[in-house]
Amino acid sequence: MDKVIIKCPAKINLSLDVVGKRQDGYHLVKMIMQSISLFDDVTVEKNGGGIRLYCKNKDVPDNEDNIAYRAAKLIIDRFNIDGGVDIFIEKRIPVAAGLAGGSTDAAGVIKAMNRIFDLGMDRDEMMELGLKLGADVPFCIMGGTALAEGIGEVLTPLKPFEAWCVVAKPNISVSTKEVYRSLRLDEITRHPETTRIIDYMERGNIEGVAENMVNVLETVTIKRHPVIFEIKNIMMEFHALGSLMSGSGPTVFGLFKDKGKAEICYNRLRDYLKEVYLVRTFNGEV
Ligand code: ATP
């Protein structure tokens, strides 16, 4: 097998808490991660040597700045692979959006190269390797529903959670690093009750989850981009059970039990924004 196509799902955070800071500056988090059915298609094909990356989206770098490129390099070096790969990224996940678009592409490259070069890595080994590229990569390799602690790499799988989501990205970009840098831990007024949310998730109680979702990074990003607050309000007006910013933003999602209601909200937001998606939580194998 010389070529593999991997479907790489985006993620949202059903809650995001920051509980401390490590000596090296990394923040300690407690987040509920959920894959959604919004995918990049990543194709990896063997070539004679070197790494080439192709992506039509102009905001996506085609060199070492691309985390998917770095994933290929890491594997070639680690396994002394004689030869290289062409990587084609069909980008559907909005860029710099808080949806782990880059991390999921990197996870896809690791899975693809594991197969085409017959490297024999099991999931834990791929996750360990992925962590060298970024804190969200191990979750992207695992996928589904999970609690992420540490800097995001200590993962506990959770029972699959089923819901409809409307995902909307305003036309602004946010730097994750910048948002964390501006966060003042002692100024966080409301932390999520993570255990309580997980309890609702395990009982399939979407209302309970939706009403308790909190992202402590919202205040930082909303202060700079009030449009995030406006989108949250529109989602609530259009019967979302709850609405939250994902990751460091600026993407907002609304949670729904009912597909019809989600469709109405989706259609309304499309009048305002270009990047709006109607998706489901995704717990399948990719
Ligand atoms: P996270 O939720 O993990 O913080 P994000 O969704 O906010 O990630 P990305 O879409 O991963 O952000 O992009 C962040 C930056 O990384 C972009 O500005 C882009 O220049 C760069 N980048 C590198 N590789 C990729 C990739 N494969 N896809 C998209 N952006 C990439």
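Just so it is clear, glycine is given a Cβ too, placed from its N, Cα and C backbone atoms.
Given the structure is predicted, the values throughout are model-derived calculations rather than measurements.
The active site feature in TrEMBL is assigned to Lys11 (among others). For Lys11 (active site), other Cβ atoms within 10 Å of its Cβ number 30.
Marked as active site by TrEMBL: Asp136 (among others). All protein chains considered, the CB of Asp136 (active site) has 28 other CB atoms within 10 Å.
DSSP classifies Ala100 (ATP binding site) as coil under the three-state reduction. Among the features that TrEMBL reports, ATP binding site is placed at Pro94, Val95, Ala96, Ala97, Gly98, Leu99, Ala100, Gly101, Gly102, Ser103, Thr104.
Residues annotated as domain 'GHMP kinase N-terminal' in TrEMBL: 66-144. Residues belonging to the domain 'GHMP kinase N-terminal' (66-144) score a mean pLDDT of 97 in the model.
Annotated domain 'GHMP kinase C-terminal' per TrEMBL: 198-274, in sequence order.
Taking H, G and I as helix, E and B as strand and the rest as coil, DSSP gives the domain 'GHMP kinase N-terminal' (66-144) the counts 43 helix, 7 strand, 29 coil. Across the domain 'GHMP kinase C-terminal' (198-274), DSSP classifies residues as 42 helix, 10 strand, 25 coil. For the pair Asp136 (active site) and Lys11 (active site), the C-alpha distance works out to 10 angstrom.
Listed recorded positions: Lys11, Ala96, Gly98, Ala100, Thr104, Asp136. Those with a CB atom under 6 Å from ligand 1: Ala96, Gly98, Ala100, Asp136.
For Thr104 (ATP binding site), the count of additional Cβ atoms within 10 Å of its Cβ stands at 30 [all protein chains shown].
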